[in-house]
Amino acid sequence: MTGPSEQLRRNWLEAQQRRERLEAEMHLLRQERGADAADDEHDPDGATLSGEWSRLEGLRVATAAELDDLVAAIARAEAGTYGVCIGCGRNIPAARLEARPAALRCVNCAAK
Ligand SMILES: [Zn+2]
């Protein structure tokens, strides 16, 4: 038997590792750009690199938001209120929790 809390902690760890990998990739990218970063416009690789940077930054921001949601979901699992919508107080359908374990709101409330 695994409770929602245990599953959420696993999800949190996965997201945490994903963020660490993203940050490592961004660190490498920054090193590759090196001192020429200011000369971006004249660098034929510049556009490619900043495109890659935006992609990584987007993923990093999404992963950070996911981590925040998971922390909140873990706290709710421990308080025994996991799966209850914080918007309307109704149970969040199991299918939605499966697709998005950190969901704090039902589809209706999330769309508001
Ligand atoms: Zn709701």
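In case you wondered, yes, glycine gets a Cβ from its N, Cα and C as well.
No curator has checked TrEMBL annotations; they are predicted automatically.
Between the stretches 60-84, 85-109, TrEMBL puts its zinc finger entry on 85-109.
Broken down with DSSP, the zinc finger (85-109) shows 9 helix, 1 strand, 15 coil.
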